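Taken straight from TrEMBL:
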- 1-93: domain 'Chorismate mutase' (DOMAIN)
- 120-297: domain 'Prephenate dehydratase' (DOMAIN)
- 313-394: domain 'ACT' (DOMAIN)
- 290: site 'Essential for prephenate dehydratase activity' (SITE)
C-alpha cells in the first residue's frame, strides 16, 4: 500500500472519528437528562433489560444492512459506551445528593475509642498478646474482654452473640495475609466494622537468669517465626516450637521455669509475666506492622474508630470461565474507584475455583459506588458486602 493511499484511509478514519465524537457527546447530554429523571423518580441507574434491548436492536440493525462481519466488536464497543453512560449517570446523581446534603447541613460523626462497659470483646490469645494490645487501643482498657484459643472460637463467639465484637489479625506487612481469617470471614455471617494497624516489635524473652547463649528451645506463633527468620537462622541448634500465640508462648516459659527455654513475644508480655528481654527488635523488617479487623454481628460500631477515610470490603465468587473476574473489576475501573486490596482464596471442595476479597476506597452512601455494586451483583455467583468502616493508617508502636 502506497503512502498516499494510507493517508487517504486515515483521513476517512479521522472524518468518522469526528462524527462519532459529536454523536457520543450528544448521547451523553441525553444520558444526563435521563439521570435527572431517574433521580427525581427514584429509579435505579442500572437497567439490565434496557441494555439487552439495545444490544439486540444493534445486532438486528447490523444484520439488516449486511454488516455482521464486525458484530462482536460493535457489541463490545456498545457495552463500553453503556458502562460510561452509567458512570456518568451515577456521578451526576451523586452531585445532586451532595447538594441536598449541603443544604441540610452535614451531620458529623463522633470518633475515638468505644468505651461502653456493657459490651464484650473477643480476642485470640491471652493478655500480653498483640491482639490484646490492639483491643486496648480500639476499645480502651476498661472494656470487658474474653480470650479464646483459636480464631474460629472468636468468630463463633461473635456469631452466637456471646461477644459484641471480635478483634483478629488479618495481614502482616512482612509475611502477608493470615489466610485462616479470610476463610472464616467467608464461613461466618459476620460484619467487618473497623480496623487497627499496630507496629510489631518482636523480642526474645526468658527467665531472669537466662541468656541467648544457653537457649535450647524457643516457643512462639508460626507467624512470629516467619517474621524473625533472619535472626533465628543465626541461633544454631535452637529448636523452634510452634505454639498458639506469642503471649501464650511467653506464659509457657514462665510456667516451665527453665532457663534453657525462651519465647518470642512483645515487650508488654515480658512485663506482664515478669520475664527478661534477652534480645530486642529481632524482626526481619524494621517496619513490621499487623492489621487487625474488628468483627461484629452488627453492621456498624456504636462509635467510629479514628481513621483516614471510609472503605468497603466485599466478598464474591464468579463463574469459572474466561473474563468473569474482568467484568467485575472493569466496573470499578470505569467508575474510577480505588481498589485498596484484591485477594483470592480457594473454594472448599471446588478445585481451582476461587472466592475474591476486595477492599474499595469509598462509602455505600456514595450513590456512584452503590450503583456500581448493584451493577456487579448479577455478574457474580455469590456476593456479600462484609462491611464499611474507617481505614487506619496511624500505625501504633507497641
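The backbone N, Cα and C atoms fix where each Cβ goes, and this holds for glycine too.
Under DSSP, the residues of the domain 'Chorismate mutase' (1-93) split into helix, strand and coil as follows: 81 helix, 0 strand, 12 coil. Per-residue pLDDT, averaged across the domain 'Prephenate dehydratase' (120-297), gives 93. In this view, residue 290 (site 'Essential for prephenate dehydratase activity') is surrounded by 25 other Cβ atoms within 10 Å of its Cβ, with every protein chain counted.
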